Amino acid sequence: MDNNQIPKNSPESSAINSAESSPKSNVSSDVLHENHHKEQQQLQQQLQQEQQQQQLPTTPQSEPTQRVNNNEEGIEMDRIAENSNINVPSDVGESSLKTISGYPSSKNTEAGSSSSGKKEEDYNYRSTWVPKLHQELFENPEVLESRRTKQRASNYRKTLEREKEGIKPLDNILEELKANANGLTKAEAQKRLEEVGPNAIPDVKRYPILEFLYFMWNPLSWTMEVAAIVSIALLDWVDFILICALLLLNATIGFIEENTAGNAVEALKNSLVSQIRCMRDGEWVMLPSPDLVPGDVVMLKIGAIIPADCRVIEAEQVKIDQSSLTGESLPVTKKIGDEVYSGSAMKQGEAKCVVTATGVNTFFGRAANLVQETEGHGHLQVILRNIGLFCISFIAIWVLVELLVDFLGYDGYCHGVGGGRCLPLNNALVLLVGGIPIAMPTVLSVTMAIGATQLSKKKAIVSRLASIEELAAMDILCSDKTGTLTLNILTVDEPLPVGDTPKEDIVFHAFLACSEGEDQDAIDKAISNYCRDTYPNVDYSGNEIVKHYPFNPEDKKAMGLVNANGKQFKTAKGAPQIILREADNYKQVGEAVEKEIENLADRGYRALGVSVSYDAPDFKVWHFEGLIPLFDPPRHDTEDTIKRALEMGVSVKMITGDQLAIAKETARRLGMGGNLFTIPYLENNDLGISEGEVIEMADGFAEMWPEHKYKVVDQLQKRKHVVGMTGDGVNDAPALKKAQIGIAVAGATDAARSVSDIVLTSSGLSVIIDAIISSRKIFQRMRNYVIYSVAATVRICTTFGILTVAWNFKFPTIATVIIAILNDGTMLTISKDRVRARNEPDQWNLFEVFTMALCYGFYLVGSTIVFFAIIHDGTWFHDAINLRILTDNELRGLIYLQVSISGLATIFVSRSQGFSYFERPGNLVIFAFVMSQIVATFIGVYGFRGYPHDSFSDNPDYPVHGTNFQGCGWGWAVCAWIWCFLWYIPMDFIKLGVTYILRGKIEPINKDALRKIYGWFGKEIPKEATQVSHKVAEQQAKRDALHAQETHHKSVVTDNKV
């Protein structure tokens, strides 16, 4: 085809030459600058003429075609196609108008007849870059030239409009940035980095003092602060100082531990900072996104998060997801000269861009500066609030009871009341200080922060702390097949040619459609390695890859434009069904090829279709050459890991875009079951059950698109499941964000990682299972501590309330402060306790927590009240074992010791799932318990003196300021220890009984549980559980029923056909 019909100096001519000679259309600042100024005056005049022109009849709207000329000031044929109106100047003749309108004049008919041969010769070429609807423009050079001028005027008008909006033309931007398509030098980039700073949004300025005080700003701390004010009112300065010390101690420990753990996790997050391909000194290098500066030239490909505001200087089928910035639900097509914004995601194609703004100067950065981002209350905060309200309400009830008793003067029960000594306030102070679990927020936040650090050691980096709770509660994991269940190391098997096509041609043409360098994916690497290893003597030098078309999820293929000794051809590789159906030999070989694809799938192979087109220049005719079998072997540990997940109550569902047959074969090899479906089948199934039920019982899904993954997650959530979703690509982002736990696998794109709750740094399903186990242990630590703390509130308030009301026994406030300090110091070690993860998903059940805590608390109240009553009202211990009779002041020391021992020992019961004797605590917990009880024993034996002049008197009318009490001696201390141990033994049976009532079952005692006894002697606890949970067994039964129903349905259909 010659180009004589097109003027040599026209934009069409330059566009054709550009398309034929270069792999990608480059736009430099020199070309744009020259075109812009050269035609400026001419276009301004044309604008004036255009306003006087009359509009003529229109043609129907045609579909847009692909842009050929990327010059912003040239003719853009895709914009012509998108216009619904074709306006022809009034000076064009009537014959021209009739030709365009579809009514050719006789003169034009004759001319067309004389030149029909040439028209047919030129048709194919024009149809590759001009909308078919507008081909008649070429019949009339006058109309075409007018259209060119009109389009250039339209382009200039749009340029002026962009300037008015503050959007400068690309050539102006490059000129202002002092940049070009070759990027910056390293020296210039370093200079600009020092001037503008790193490409990052500055962290919110931290105020350590405010962060420290935040640990004292919660309802529980407020209650303790009220207690401090009450102690001031009582002029009880020792209590005031100790209460303040307790508040400061909790805040200090929480601040230090949380910052230490947070800094460790933040360092790991920083190691995941995205790397951007940037041109420096004329060479492509990988740079961290914070090192980018205005003027840098970067290459963005599918899946990347755009690191800064940029302008496109080269584009290849680019679509950008701007929903996080603009709220647009659909991806936006970007062309040369368009702006792309920081924080957007590349959904399709690749683009070469110049950075125009970084950091706070970006569109996203300016918004971040203007809007104060607020976080909603996390689930843990809601749980803490509810627990705090329960404890405060319980304390308030007993305070009211004591106040009523004291002020109403029930002398029949209380002696010496109404002495005018502020005794009601003193009694209330005891309940406030002893009952408030002041360390709870600190312990739980520290447990979460340290847990995040522990998860990072398991190759799972947590980006949202609340996801630890959700991971522990997860009962369904939708796992990507490639790279997670399999090795993602594809191996090429023997090619299968069609007809007499040589095998080396299939592999060679597939190789020419592969990307090169760091952009290669697993398929490209497998083909490239096979081609070089199998055919090392083949000379590739005569074939130049002019242009590579990357894999597009929409049409599921990749292509290469090749120049072979002056002749051009295209090769394509991709999904075999799509490649096959586009081929000219589909009717001849289609049935046989599709059968072979099924045979390969049955054997666990993935087929890659290969075709070639020599139909230059439009390449519409393709010839299918054959199949390349690919095999991605399962990981060696995947089958065992899936069984392990089932034993833990987590159902693993395969999610893959591969064909159904391949997915079924992979599932069979992994022992996952055979209930795999495609979404179209689910929507139109004949099984007689709803789509949601089938999704719930299915073992996996094949041929999945992004919207299908989202739908699966949504249906499972509607059925009250906690769903985890793995993914790695930009198309997985919606489903990752929808799931309660979005998990970005190793090597995931920036887009996937940005919306994920957990980012894996190692491949394989076992990493996820290890993370689940760790999260359940973290949850168990938090749950155990909450049960202990609520039980302590119930125990202390009820015990001292009854002692005051029934015996007028005033307990010293200082004793409760000491108990709180020792207990809280011990409980801070719970974050590193050695616990056993449950075999079922774990989540907060406050009814169960409060029920267990009330049972423990009232049981321990009984142990203290019975112990007190025997000593206070009788002489059994004196008569039986010859212990001396205690005064009331010495009895206070004994009761202090008994309450301290029995209360802290509760943690051993609450931290275990079965018998506490079989589950050894962590060494740090044991050490803290022993040290705290040594201190408590010495205080109980020798007493405590606050004010030297203040001492308790046996006179019931003597004011009790609560600063002193006498010791009980070693004999009574040993008695208290024995008493506590005897009452401790039945607590495990109480726990198991309550658990059975609430759950309908208890943790089974099996060989593994018994072997845990040896954990006391340092032997390793078996990691894998052996008990399959009731829930998983039920799910497996449902899956079996579904499989049987599907098999029966198929047999009925077969019988009907027969």
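Cβ coordinates are placed from backbone N, Cα and C, and glycine is handled just like the others.
Copied from Swiss-Prot, the annotated features are:
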- ASP480: active site, 4-aspartylphosphate intermediate (ACT_SITE)
- ASP728, ASP732: Mg(2+) binding site (BINDING)
- 1-29: compositional bias 'Polar residues' (COMPBIAS)
- 41-66: compositional bias 'Low complexity' (COMPBIAS)
- 96-111: compositional bias 'Polar residues' (COMPBIAS)
- 233-237: topological domain 'Extracellular' (TOPO_DOM)
- 408-425: topological domain 'Extracellular' (TOPO_DOM)
- 806-810: topological domain 'Extracellular' (TOPO_DOM)
- 871-889: topological domain 'Extracellular' (TOPO_DOM)
- 944-967: topological domain 'Extracellular' (TOPO_DOM)
- 213-232: transmembrane segment (TRANSMEM)
- 238-258: transmembrane segment (TRANSMEM)
- 388-407: transmembrane segment (TRANSMEM)
- 426-447: transmembrane segment (TRANSMEM)
- 784-805: transmembrane segment (TRANSMEM)
- 811-833: transmembrane segment (TRANSMEM)
- 850-870: transmembrane segment (TRANSMEM)
- 890-910: transmembrane segment (TRANSMEM)
- 923-943: transmembrane segment (TRANSMEM)
- 968-988: transmembrane segment (TRANSMEM)
Contact between the transmembrane segment (238-258) and the transmembrane segment (426-447) (3 or more Cβ pairs under 8 Å, separation 6+): yes
Feature contact check the transmembrane segment (213-232) with the transmembrane segment (890-910), CB under 8 Å, 3 or more pairs: no
For ASP732 (Mg(2+) binding site), the number of other Cβ atoms found within 10 Å of its own Cβ: 28
Pairwise Cα distance for ASP480 (active site, 4-aspartylphosphate intermediate)/ASP728 (Mg(2+) binding site) [Å, integer]: 9
Under 8 Å by Cβ from ASP728 (Mg(2+) binding site), same chain, sequence gap 6 or more: ASP480, GLY483, ALA744, VAL745, GLY747, ALA748, THR749, ALA752
The transmembrane segment (968-988) in contact with the transmembrane segment (784-805), cutoff 8 A, at least 3 CB pairs, sep 6+: no
Helix, strand and coil totals (DSSP H, G, I; E, B; other) for the topological domain 'Extracellular' (871-889): 11 helix, 0 strand, 8 coil
Feature contact check the transmembrane segment (923-943) with the transmembrane segment (213-232), CB under 8 Å, 3 or more pairs: no
Residues from the same chain, set at least six apart from the ends of the transmembrane segment (784-805), whose C-beta lies under 8 A from its own: 383, 387, 390-391, 394-395, 398, 401-402, 405, 413-414, 427, 430-431, 434-437, 439-440, 443-444, 447, 811, 816, 819, 823, 827, 830, 833, 835, 849-850, 852-854, 856-858, 860-861, 864-865, 868, 895, 899, 903, 906-907, 910-911
Cβ neighbours of ASP480 (active site, 4-aspartylphosphate intermediate) where a neighbour is any other Cβ within 10 Å: 25
Where ASP480 (active site, 4-aspartylphosphate intermediate) falls in three-state DSSP terms: strand
Positions whose Cβ lies under 8 angstroms from the transmembrane segment (426-447), at least six residues beyond its ends: 215, 218, 220-221, 223-224, 226-227, 230-231, 234, 236, 239, 243, 246-247, 250-251, 253-254, 257-258, 261, 380, 384, 387-388, 391-392, 394-395, 398-399, 402-403, 406, 778, 781-782, 785-786, 789-790, 792-793, 796-797, 800-801, 804, 810-813, 816-817, 819-820, 823-824, 827-828, 830-831, 960-962
Summary of DSSP states over the topological domain 'Extracellular' (806-810), given as helix, strand and coil counts: 2 helix, 0 strand, 3 coil
